[in-house]
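Taken from TrEMBL as is:
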type     : residues : note
TRANSMEM : 24-42    : transmembrane segment
TRANSMEM : 85-106   : transmembrane segment
TRANSMEM : 113-134  : transmembrane segment
TRANSMEM : 140-160  : transmembrane segment
TRANSMEM : 172-194  : transmembrane segment
TRANSMEM : 214-235  : transmembrane segment
TRANSMEM : 261-290  : transmembrane segment
TRANSMEM : 302-322  : transmembrane segment
TRANSMEM : 329-350  : transmembrane segment
Amino acid sequence: MSFSKHQECDPQKEKLKRMITKRILFISISIITAIILIGYSITVGASQLTAIEAYKVLINKIIPGLFEIPDNAELIVMNIRAPRVLMAVFAGMILAIGGCLVQTLLTNPLATPYTLGVSSGAGFGAAISIIYGVSIVSTTLGTITNAFLFSLIPVAVILIGSRHSKMTPLTIVLCGVAISYIFSACNTILQYFADANAVKEVVFWSIGDLSHAQMWQIPYVAAMAIFFFVVAMVLSKDINLIRMGDDSAKSLGVNVNGVRLVAIVLSCLATATVVSFIGAIGFVCLLAPHIARIFVGGDLRYLIPASAAFGACLLLIADILAKSLISPVLLPVGAITALLGGPVLVYLLLRPKGANTV
């Protein structure tokens, strides 16, 4: 009897082992690919630069004096190319993790922090600063500050709504959609009365592009990405239980509403940080979790790091294409992600349901 049970358990253990190996392999490949893409992306541009020189410059910043490098190489890497490449890595991580959490907690495959009104709020705040010069901070940081503060309005609405009424996942999504429409309408009215140059600048900002990135911004985005990743991993166990159903999770002692609120609000805050610096780059938060889910399944302990690593790869690839497709013209990265992401997302959504699971 015990021997037959042992025989039955072995195939299950082997299957579980293969599944875990597949998940770890995908995460590892994504991380290695991201590291390779970082070096390659830095070499793409008008000035000739090798990947070895790019890595030497980056390593020298961590361990000073380790390599001898030309002064012009350090200038090109640190002042021009590294900011947008590093921004692509950390922004890709944040957008992908945010999309992963929001899709899971709202049980909606098309939900993202953008769906909840973050990008629309940021766009309206940026438009006020660009068109009328109205901002809390009267410096070059006015647009960034406005974008961040206005992107927090949807977060505030969700927080206030959760205090005064029981907000279901559907209510949160519908509330976010309504806020998005309001901000979009206000933005349209502002642009209607603005001059052509201001409208052009607003439209360019709203597309989203890494050319806005500057080196001083990287520590803030990096800190947010690391903090967001750590908190998401801490919450992953409870979110996995919520995936089984609210009632089941509550019976196991999970504060369902609290976990859902914290994760969604943090996703919106992290996304707001990215959007305020580089604009609304679409499809990363939607596409990265879907592709990662195919390889690692729905377990958040693996899906979060897989989404983060693949999100970084996705934005790095988009950045490389933006710089090289019509060189020396720099295309907006947001347009590239939408161009690539749209068809891929349609394909993923139309696949047989069984093909989307591990």
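Sequential numbering from 1, following the chain as shown.
Here the Cβ of each residue, glycine as well, is placed from N, Cα and C on the backbone.
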Leading contact stretch, 24-42, 85-106, 214-235, 302-322, 329-350 vs the transmembrane segment (261-290) - CB distance under 8 Å: 85-106
Does the structure show the transmembrane segment (214-235) and the transmembrane segment (329-350) touching, where I'm treating 3 or more Cβ pairs under 8 angstroms (sequence separation 6 or more) as a contact? no
Take the C-beta pairs under 8 A between the transmembrane segment (85-106) and each of 24-42, 172-194, 302-322, 329-350. Which stretch has the highest count? 302-322
